Structures are given as C-alpha cells and as structure tokens.
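Peer 1: Take a look at the following structure, please.
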Amino acid sequence: MRDVFEMMDRYGHEQVIFCRHPQTGLKAIIALHNTTAGPALGGCRMIPYASTDEALEDVLRLSKGMTYKCSLADVDFGGGKMVIIGDPKKDKSPELFRVIGRFVGGLNGRFYTGTDMGTNPEDFVHAARESKSFAGLPKSYGGKGDTSIPTALGVFHGMRATARFLWGTDQLKGRVVAIQGVGKVGERLLQLLVEVGAYCKIADIDSVRCEQLKEKYGDKVQLVDVNRIHKESCDIFSPCAKGGVVNDDTIDEFRCLAIVGSANNQLVEDRHGALLQKRSICYAPDYLVNAGGLIQVADELEGFHEERVLAKTEAIYDMVLDIFHRAKNENITTCEAADRIVMERLKKLTDIRRILLEDPRNSARR
C-alpha cells in the first residue's frame, strides 16, 4: 500500500479514517480535507474498487473537490468524502449502514454525509438510526427530497451565464446542447432546456430511456450514439454521467464552444483545462455548476429554507460569469480562476477564526 501520509500531504488533507467491521463486511475510508469553513460535508459512495490504493486515491481526490465546491457555493462546510469498498448490488445490508452510522457518528459532527454513486437515500435511513450525521434522507424520514432538481437547475444557470459570456445574451433558445447521460440530473436538465427552446442531442447507455425521451419531446431531441456524443457539433457539450470525459483521447474531438455539465471531475488532469482554453472552448468548472445538490443538502443541515436554496443555486450564474471574466483578464484557465477564489475565501476565514470563542477548559469545569 502507498504511503498514506505522503498522499495526504499531496492533497492537503487533515484526517483520514479507515473503518472495518468484519461481521458486516464493511471496509470504508473517510477523508476530511479541510474544515476551515466548517464541518466536512460530502457523499458516501459504494464501489467495488480493485484495491485499497484505488479507493484511497478516489476518496482523497473527491474530498478535496468538495472543499472547493463548498467554498464556491458559499456554504459553511468543508470538504469530506466516504467510500465503501464493495459491490452495491450484493454487499449492502441494513446492518452495514447502521455500522456506518456508528463510525460517522463517532466523529462528533466533524463530518456529514449522504447519497452518492452506488448508494441511495433509503440506505441512510438505517445509518441515521445510529447518529444524526446524515443528510438527503427520503422525505418520509425528514429529508428534503431529490437533489437532482437543484443540481440540474445549477447546471442550467451555468449554461445561461456561459451563453451571456460567449454571445452577449443568456437566452438559450435555438442553441444546440449535447447531453451525455440522461439519468436523474441529465433528464431534468433536458426538460429545462427544451422549455426555453433549445435543441438537444442526447446519449445514454440506457437506450430505452433515450427512446422514451425522444418520444416525449419529439423533434426537440435527437438521439446520438453514446460513444460519439462528445464529437457532435453543438454550442454546448454537457457531460452529465461519468467523469474524466476531457482527456488526451477526446481533447481534439470536441466540436463545441463550451463545456458545462454535472459530471464530477470532468478534466482528467489540470492541464486539460489549458488545452481546452487553447482550442477556445469555454469550460465552466464542474465543481461550481453542479453544486445545486450540495446547496440543498447543506441547507437541510441548517434548518432548510427552500427560497434560500433557490437563491444560492441561482447565484451560480453570477459566480460562473465572475470566473470567466477573471480568467480572461488574468490570462489563466477558468479552473485556476476558481481555485484562486477558493484560496482567497479560505484565507479570509482562517484570519476570522483565529479569534477564540471560548476557552474549552471552561466547559470542563462546569
């Protein structure tokens, strides 16, 4: 196994926790990246990783991304993530998630989590019986419902801001958008785009789902092969499925003017952002435009107010514009511009939180 501390240094992490429970078969890793802004927040995914090293690399990379996403979304949480090493189709059990509830609860409010790839809200109903460190539960258990709605809305606002930057108007009527992946988020995004008069090309590994959407929206939708959707001529390419779609193999194949989508970690490496810029393709950082779901979950932990969630999600529009203009003015990539904003915000918070609120020894004396 690789040197864990070396990896933590590379990504800038505070804490990594390995969780094991032989009776349920649980093997999991929790990573807390940065808690300057508040408790760590991030989803819990379940994947049959090939090795512990692969799982560790994933949880470190994803939790760092959550720090940036929380900062840009202006929520008082830091970045965290949990990964379970296992097959979600056969390794789940109520007992396994109750054990997760104990491990996460044992962090005493330093980490909050919920659904991600391979997990669903119903899984965490069991975990929530053991601690209050879970968000995104079903409505019947006190949660606030499907996060795909605000996620899609945030991507939509990101597209509007991109259109304004590129074409001087945020109207998407008549624009061609190629959507890669029409799952929960992709389908809701498709609906929003069709409603404002955009034309959409769609692709998904679920061909039946695509056919159903074609039947629903008619000539507003064109079906495309899932292996060539990124090569389609369009105004905006929107990756809403797997990450890593911008890589050495695809970088010269894009025929779009902008990339704005909900998929996480769309760039395989930072240098791919510079390569997109060289090709005059405008890239909206994924960890900003897909932050709508995070905004809802964070607000749920603070009491939840629907109008506040909508307002913060709509603010993605202004932040995307700010990043585009900053990147242009400073001759840097959009990701570099976003990262600078995050670092500036965290520095300000660090300066503010140097002030001691209470001597912990006072509590001990009570």
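A Cβ is built for glycine as well, from the same backbone N, Cα and C atoms used for every other residue.
Below are the features listed in Swiss-Prot for this protein:
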- K81: active site (ACT_SITE)
- R45, D116, T151, 181-187, 204-205, 241-242, 262-264: NAD(+) binding site (BINDING)
- K69, N264: L-phenylalanine binding site (BINDING)
Peer 1: Run through R45, G181, A241 for me and report the binding-site residues whose CA is within 10 Å of the CA of the residue listed as 'active site', in sequence order.
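Peer 2: Taking R45, G181, A241 one by one, the ones whose Cα falls within 10 Å of the residue listed as 'active site' are R45.
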Peer 1: Taking just the CA atoms, what is the gap between E187 (NAD(+) binding site) and N264 (L-phenylalanine binding site) in Å?
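Peer 2: So the alpha carbons of E187 (NAD(+) binding site) and N264 (L-phenylalanine binding site) sit roughly 17 Å from each other.
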Peer 1: In whole Å, note down how far the CA of N264 (L-phenylalanine binding site) lies from the CA of G181 (NAD(+) binding site).
Peer 2: 13
Peer 1: Given the recorded positions K69, K81, K184, which one has the fewest other C-beta atoms within 10 angstroms of its C-beta?
Peer 2: K184
Peer 1: Using only C-alpha positions, which one of R45, K184, A241, A263 is spatially nearest K69 (L-phenylalanine binding site)? These are the binding-site residues in the record.
Peer 2: A263
Peer 1: Let me know the DSSP-derived helix, strand or coil state of A241 (NAD(+) binding site), please.
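Peer 2: Coil, per DSSP.
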Peer 1: Could you state the CA-to-CA distance between A241 (NAD(+) binding site) and N264 (L-phenylalanine binding site) to the nearest Å?
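Peer 2: Distance (Cα to Cα, whole Å): 8 Å.
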Peer 1: If you run the three-state DSSP split on K184 (NAD(+) binding site), which class comes out?
Peer 2: helix
Peer 1: Do any residues at least six apart in sequence from R45 (NAD(+) binding site), in the same chain, have a Cβ closer than 8 Å to its Cβ, and if so which, in order?
Peer 2: L62, K81, M82, V83, I84, D116, M117, G118, T119
Peer 1: For E187 (NAD(+) binding site), list the number of other Cβ atoms lying within 10 Å of its Cβ atom.
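Peer 2: Cβ-Cβ neighbours of E187 (NAD(+) binding site) within 10 Å number 20.
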Peer 1: Note down the number of other Cβ atoms within 10 Å of the Cβ of A241 (NAD(+) binding site), including every protein chain shown.
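Peer 2: Result for A241 (NAD(+) binding site): 20 other Cβ atoms within 10 Å.
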